[in-house]
Amino acid sequence: MAQVLIVGAGMTGSLCAALLRRQTSGPLYLAVWDKAEDSGGRMTTACSPHNPQCTADLGAQYITCTPHYAKKHQRFYDELLAYGVLRPLSSPIEGMVMKEGDCNFVAPQGISSIIKHYLKESGAEVYFRHRVTQINLRDDKWEVSKQTGSPEQFDLIVLTMPVPEILQLQGDITTLISECQRQQLEAVSYSSRYALGLFYEAGTKIDVPWAGQYITSNPCIRFVSIDNKKRNIESSEIGPSLVIHTTVPFGVTYLEHSIEDVQELVFQQLENILPGLPQPIATKCQKWRHSQVTNAAANCPGQMTLHHKPFLACGGDGFTQSNFDGCITSALCVLEALKNYI
């Protein structure tokens, strides 16, 4: 039975797992490892510590589907709409740039519900707090070491974490990446930003006419969303949640500052945008060191195969673009590359 490891429980990794399960007729052991405490990657949904039903999307806010991808990836959209994982965005987002024919979708149960859907479909064994440190070749298998626990062996590996994290891995993988591939990987770049989630008590009123707003006149804040309103799930029994995304220049400037300092600065600027906001009962500040790809890997559409037997490839938005369709494209390319090795 083939033993497959997918590193990264984000959009690309979870879809790779689901597609692999659907397209493999024989027995298959499928493991998904992630360094975080939950699935989602940059499509993460945080919960209030006081009420798990009070949630906030700290990564991707909504999904924009262009006419090109509406046709090309129709089966993926149809499936998620049929399961109720996605729903058309019906709430007003001020300052959103709309192009003709584009459709926007939200995830009523939180954006991470997309990832949870695919992981469930995959039947994979999903492990959190598993940070991969080394990948070595041992008797035609991959031996994978993590920060804690014993090394484990696999026949095939797909790496879907941000490219700089792939380049940090130790072991034989460092010599298996060719000089040309290394240059391509080192040229991949990302923007950085912070996201802040604010959770409120039930009954709290945040009286604004919009569900989300792009801010153009603030050095710190780029986007604000009343998250439950954006997802059209307002309830008198569950408090509202607010999501703030910082600008990229702010994210870069304060990248190595403490979360507490950053949170305080964002709060100060938020007072200028939404004066007199009530006090939240909980907050969650998320640093996105690798937020969105600004330069994807050149000349390797969708994935990069680092080794054939045993198979090792990397995929993710670093090889396409930082959106839902970019991740689908990468997952399909990974599957195409490994189908002869499974």
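Cβ atoms are placed via backbone N, Cα and C, with glycine included.
Feature list (source: Swiss-Prot):
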{"type": "SIGNAL", "residues": "1-17", "note": "signal peptide"}
{"type": "BINDING", "residues": "Thr12, Arg42, Gln61, Tyr62", "note": "FAD binding site"}
The number of other Cβ atoms within 10 Å of the Cβ of Arg42 (FAD binding site), counted over all protein chains shown, is 21
Comparing the binding-site residues Thr12, Gln61, which residue's C-beta has the most other C-beta atoms within 10 angstroms in this structure? Thr12
